[in-house]
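TrEMBL has this to say about the protein:
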type	residues	note
COMPBIAS	451-462	compositional bias 'Polar residues'
REGION	444-467	region 'Disordered'
TRANSMEM	6-31	transmembrane segment
TRANSMEM	43-64	transmembrane segment
TRANSMEM	70-86	transmembrane segment
TRANSMEM	137-158	transmembrane segment
TRANSMEM	213-232	transmembrane segment
TRANSMEM	313-332	transmembrane segment
TRANSMEM	338-355	transmembrane segment
TRANSMEM	362-383	transmembrane segment
TRANSMEM	500-521	transmembrane segment
TRANSMEM	528-549	transmembrane segment
TRANSMEM	561-583	transmembrane segment
TRANSMEM	595-614	transmembrane segment
Amino acid sequence: MSMTILTILQIAQALSAYTLVTCIFPAILLHKRLAAYKMSERLIGYFLAGNFYIIYLVFLLQFLHISHPITLQIGTIAPFFPIIWKKRKNFHIVSRVSSASQLAIHVLRREVGVKTLIVKGWKNFNNQHSDKIKKWLVCYLPDLILTIAIIVGVFYVYGVNTVTVFGYKASDVPVHNLWINEMDNNNIFANGVYPHGFHCVIYYLHATFGIKTYILLRVFSLVQTLFVHLALLVSLKVICKVRFTPYIGTAAYLMLNIYNSNSFERYSSTLPQEYGMLFIFPAGVLAIRFFQEYAAFQVETDENKKSWMKKRIKDYLVAFAASFSLTLTVHFYNTMPTGILCLGIAVGFCFRFCKWRYFWRIILTGILSVMLAVLPMAIGVVMGHPLQGSLYWGLNVINGTANKTEEGDFKETVIIDKNGNEIRVVGDVDEEVLGNIINGEQMTDGEESSYESQTDPSQMSQEPKKKESKVKQLLASIKNKFDIILIEIQVYCTVPNHKVMIIMVLAIVNLILLGAIALVLKKNDYGGMIWSIGFYMLFMCLMQSLPALGLPELMQPSRVCIFFCYSLGLVWALNADAFLYLVFGWIKRQEISHIFSGAMLAIVSVAALLLGLVRTPVTANGLETNEAIICLTNIMHENKKFNWTIVSADDEHQMLVDDGRHYEMITFLKQLMNLEKNPEITLPTEYVYFFIEKQPINYAGSANGIDLQPVSEEGAKTSVNTGGGISPYTADARWSTMSHMYYWAQAFMKLYPNEMKVYYETDDFVCYYIHQNVECLYNLAIDYGYNNPKEQEEE
């Protein structure tokens, strides 16, 4: 079986397992409890309940040191026990077991054919459920088709890379691999207290369903990326009034080629931050639904309806608390945009938020959700674990001690002109000159001279400036800040196209205007919702630009852009939705607005195709070769556990920890440098494999975009990098390390041609192996001519 086909099957396995425990099981348990809610709200409820349950189940079992596949499986089915017990009389277990046994006997005796059994079962199912299925299809068929189209789009844009590049694609994935492996030993917080929600989910899928951790970390990126887009779609379904506008926003975010690659490249890797994005918009729309439902509750006079609405209000608050807490449980970076979204909602619904009966409920819920998220970490601290380094940085940000610059530092502004050229300006930038640069206009000699004096601190003119009125100074300062914000959005969030940035900003501002129109028309629920998203995006514009504005950097702009562009899905959808709703909302027949939204979706799709704005599949390079993953997969399949050792860079170390042994390449080369001290080097397993890159990869871009040379004698003549960490595997040091290893293998094969054989080889990679008697191990310590080039040169 090819590795591509195997990867597709592994994706299907991970997707099925995750969908089962986060959607299907909760739906079985909660379908009656949530039956009165609309479909999109039910889906969010199921999804939040499933994720919350498995994460905190893992936390509980880890803290009790009883986490094991069996205890996790029992914990998974435990919620079904009360339901089974309540309905035990209706199940008729004895009679059903008896009839099933008789049927099995008939099948074994060949008295009943398998085909007959399948046909009979299908007829029974069809008789019982065909009418319900037909009604459901009539109601949801267009949505089902469009949702499938979104799923296919995600697989096209992100799946192609996943099934063709097999290795990890981010340098911190091996660290997460280590933390998850430690959870196999009930050692949570192995490297210090850190939000472990993501690690709990991966560990749960690994332990409960028997999927190897390294496989999940290779393929789960596609699963979580799919759910990130579906979370956007379903959240829009909750708040939009027009049927097909949510698909406009989701498709525009997924398929339009207008976003900076920094905003979506991380989707290629299985990382906590991207997983935590699943819970940002559900938290926001549930808070919005609370404000809308509680307002309706205030004016309702029917006591029966009020009783039901009171229950809904509590459900919205509980679900909001769960969603908000999950953002912090998974990764604190996700909590920042979620908090800004909540701030935007508070401003959008300020006419309600400021009232005490709304205020105390939402604030108390927020506080409880934070306490819920912090509880596992607090328990970790109580158990004696220190904080992980990232949390110390977060505390420094809160205390205002992070990212302080020296007094002599000058501000640097990045400007992209209309032709896409990048210009870096140090110091303060005059707003008129800034506009000229962006628009590509020529500057006069006077302006050019002024520009030079302002951008070069050493040549600043000493002439006194004319006094301007405070109003003019204020307006000039505001315009300058606004220009900086626009530049930051263009640099980090868009392709090098000034018009795209302008369209994005105008779409955000337009939400404020549409919200105001809705409020004037006394559509307060809808207007407050539109304002909430509009103000949220204005705050995100500010957050994207904090360092450039001289304010404390809460998050790197290269990361903020991920959330900013994701939120643009809301902007595109709500602009279309608000326009159609305000124009056609007064018509009783909603089908008209739905038809127009479908037509708008079709027009936008065709226009994107004709204008060449459709995104091509994402390409992200692996941090190890495809050949290494192929060899590792085959070695695991062919050999008994712990009967083999792989000598390689540190990439495979955490991947094989449950199946085999790993010996780090640089440790091996360091030993070979001093044969007097290490006259004998042996590896005590029956099989020993050596992974060597003949064409070393540019690990995590450490070679600054330059392809490294193939292994060569020149590389072997350089000294072995003996630095710590991954330094021997980065930039030119990797070329040197691989060259040494390659020439050692050639020399050993020359000495032992019958024992050292090629296991797998391509133009860029080779895997050698030795089959040895564990009672009589081969000595790998040989002089291969380049053991210690410096000493050998001196001699």
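Here the Cβ of each residue, glycine as well, is placed from N, Cα and C on the backbone.
Contact between the transmembrane segment (313-332) and the transmembrane segment (43-64) is present: at least three CB pairs lie under 8 Å, with pairs separated by 6 or more positions in sequence. Stretch with the most C-beta contacts under 8 angstroms to the transmembrane segment (213-232), considering only 70-86, 137-158, 528-549, 561-583, 595-614: 137-158. When Cβ distances are compared across the two stretches, the transmembrane segment (500-521) makes no contact with the transmembrane segment (43-64), since fewer than 3 pairs at least 6 residues apart fall below 8 angstroms. Among residues of the same chain six or more beyond the transmembrane segment (362-383), those with a C-beta under 8 A of the stretch's C-beta atoms are 56, 59, 63, 188-189, 193-196, 287, 290, 317, 320-322, 324-329, 342, 346, 353.
Long-range Cβ contacts of the transmembrane segment (595-614) within its own chain (Cβ-Cβ under 8 Å, at least 6 residues beyond either end) map to 142, 146, 242-245, 247-248, 251-252, 255-258, 576-577, 580, 584. Listed by sequence, the residues of this chain that lie at least six past the ends of the transmembrane segment (70-86) yet keep a Cβ under 8 A from its Cβ atoms are 21, 25, 28-29, 53-54, 57-58, 61, 204, 207-208. Residues 21-23, 25-27, 29-30, 34, 37, 71-72, 75-76, 79, 183, 186, 188, 196-197, 200-201, 203-204, 227, 231, 234-235, 238, 278-279, 282, 285-286, 315, 319, 322-323, 325-326, 329, 376, 379, 383 of the same chain lie 6 or more positions beyond the ends of the transmembrane segment (43-64) yet place their CB under 8 Å from a CB of it. Through the fold, the transmembrane segment (528-549) approaches residues 239, 284, 288, 291-292, 336-337, 340-341, 343-345, 347-349, 351-352, 403, 411, 413-414, 481, 484-485, 487-489, 492-493, 505, 508-509, 511-512, 514-516, 518-519, 555, 557, 560-561, 563-564, 567-568, 570-571, 574, 578 of its own chain, all at least 6 residues removed from its boundaries and within a Cβ separation under 8 Å.
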